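Notes to accompany the following structure.
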Amino acid sequence: MSELVNTSEVATVAVPNKNGKINLLDLNRQQMREFFLEMGEKPFRADQVMKWMYHYCSDNFDDMTDINKVLRNKLKDVAEIRAPEVVEEQRSADGTIKWAIAVGDQRVETVYIPEEDRATLCVSSQVGCALECKFCSTAQQGFNRNLRVSEIIGQVWRAAKIVGAAKVTGTRPITNVVMMGMGEPLLNLTNVVPAMEIMLDDFGFGLSKRRVTLSTSGVVPALDKLGDMIDVALAISLHAPNDEIRDEIVPVNKKYNIETFLAAVRRYLAKSNANQGRVTIEYVMLDHVNDETDHAHQLAELLKDTPCKINLIPWNPFPGAPYGRSSNSRIDRFSKVLMDYGFTTIVRKTRGDDIDAACGQLAGDVIDRTKRTLRKRMQGETIDVKAV
C-alpha cells in the first residue's frame, strides 16, 4: 500500500492565492474574525460577510448592502470569494446529479442525491485516494493531493447555488452533507475539519451535526484526533467480517486491524453527541467474497460490543475490478441473519449508477470516459455507442 498522507501538513488557511488575495472560503468563523481584526475592523463584520457568503451564496462584495462601501472596496483589494467551478454536469434518471468540479488543473466529483424528505450532498476531500481499496474506482486513480478548505466547502457552496440558493428566501435545499466522495477525509484533517465547521456554523450553512457525516476506512490515530476536534456523525467503511478478508480488500487494515479500528470507533462514540450512541457500518456486498451466510454470523459477533446500524451496499462495478455484485437473494439472506441478531440493517438503494455517481464509482468518467461504456456492458445494459 502507498505511504499514508501526513495529516499534520501545513494548513492552507489565510495563504494568499496567486493574485495576492485571501479566499474567504478558506476561513472558518474564528479565522474570519481574526482576518477582520487584522484589517482594523470589528469581529462582527466577519459574521455579516459569512451570512452573505453562505446563506445567500453571494461571491460579490457589492451585494453586501449592510456593510459600508469603504469596507466593501477594501475587501475587494485584499480578498475574494472563489468557489471551484463546475466543468461538467450529469443528471441521472432518478434525479441524482453528478458534477465534475475543477480544482486547479485537476477535477473532483460531487454528487447531489435528492429524496422525498432530504437532499444529500456527497463531497470529496482529496484528489484521488491513497488507501487502495480494491473494490473502489477512486482508488484506481491513486493519490494526487489534499483539497484546500475552499475546495471542500466550495463544493457545498457551488451545489447550493446551483440547486436553488436564493437571496429572496435565504433557504437551501441541501439538508445533509456526507464526506464520502473522493479521498479519505481523515488523511486531510487540516482542511476537512474547518470545512465541516463552516457546514455546522449558524453563519455558515447551519447544518445539524447529525446531518454532517464523515466516512472513514480506518486511519485510527486520525480518528482519535477527530474526536478532540469536532463532533459529527461517523460512518465506517468496514466491508469485511474478519481481518483476512479486510486485509485483501481494504489494505489499510494491515496497519490498523478491525479490533483496533472498532476500539477507536467506540472511543469516538463516547465523546460524540452527533451519533446518538451508535455508528453507521458500511458494508459493500461482493459476490462470494464477503457475502456468505457464515460471514454474516461473523459480522454479528464482531459488532456485538459496538452500537451500530448496518448499511449493506450492492457493489457498483467498474472496468478491471475482479469482483461481481452480490445477487439480491444473497444480500437478502445476509440481511436477515443480521436482523435476527437484532441489528438495524438497511440495504442501500443504488442511486446515480447510470451516470457513475453511485458508491465507489466516483472518478470513473474523470479518468476515462470510455470506461462508462465498459461498465454498462458489465451490467448488461444496452448502450448507444454513438453517444459515448
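The backbone N, Cα and C atoms fix where each Cβ goes, glycine too.
The annotation active site, proton acceptor is assigned in Swiss-Prot to E109. Among the features that Swiss-Prot reports, active site, S-methylcysteine intermediate is placed at C359, with the record citing sequence analysis. For C129, C133, C136, the entry in Swiss-Prot reads [4Fe-4S] cluster binding site. The S-adenosyl-L-methionine binding site annotation in Swiss-Prot covers G183, E184, S215, S237, L238, H239, N316 and rests on sequence analysis. Swiss-Prot lists C122-C359 with the feature disulfide bond. What Swiss-Prot records for 115-354 is domain 'Radical SAM core', and it gives sequence analysis as the kind of evidence.
Taking the features listed in Swiss-Prot, we show where each one sits on the structure.
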residue: E109; record: active site, proton acceptor; CB count, 10 Å: 25
residue: C122; record: disulfide bond; CB count, 10 Å: 27
residue: C129; record: [4Fe-4S] cluster binding site; CB count, 10 Å: 28
residue: C133; record: [4Fe-4S] cluster binding site; CB count, 10 Å: 23
residue: C136; record: [4Fe-4S] cluster binding site; CB count, 10 Å: 27
residue: S215; record: S-adenosyl-L-methionine binding site; CB count, 10 Å: 21
residue: S237; record: S-adenosyl-L-methionine binding site; CB count, 10 Å: 25
residue: L238; record: S-adenosyl-L-methionine binding site; CB count, 10 Å: 29
residue: H239; record: S-adenosyl-L-methionine binding site; CB count, 10 Å: 25
residue: N316; record: S-adenosyl-L-methionine binding site; CB count, 10 Å: 24
The mean pLDDT across the domain 'Radical SAM core' (115-354) is 93
Near C122 (disulfide bond) (Cα-Cα within 10 Å), the recorded positions in question, chosen from E109, C136, G183, E184, L238, H239, are E109
Nearest to E184 (S-adenosyl-L-methionine binding site) by C-alpha distance, among the recorded positions E109, C129, C133, C136, is C129
CA-CA within 10 A of N316 (S-adenosyl-L-methionine binding site), subset of binding-site residues C129, C133, C136 in residue order, equals C136
Candidates E109, G183, S237 (recorded positions); nearest Cα to C129 ([4Fe-4S] cluster binding site) turns out to be G183
Same-chain residues at least 6 positions away from G183 (S-adenosyl-L-methionine binding site) with a Cβ under 8 Å from its Cβ, in sequence order, are V108, S124, S125, Q126, V127, G128, C129, T138, N146, L147
Whole-number Å distance separating the Cα atoms of the residue listed as 'active site, proton acceptor' and L238 (S-adenosyl-L-methionine binding site) is 23
Across every protein chain in view, the count of C-beta atoms other than its own within 10 A of the C-beta of E184 (S-adenosyl-L-methionine binding site) is 29
Simplified DSSP label at E184 (S-adenosyl-L-methionine binding site) comes out coil
Taking only the CA atoms, the spacing between S237 (S-adenosyl-L-methionine binding site) and C133 ([4Fe-4S] cluster binding site), expressed in whole angstrom, is 10
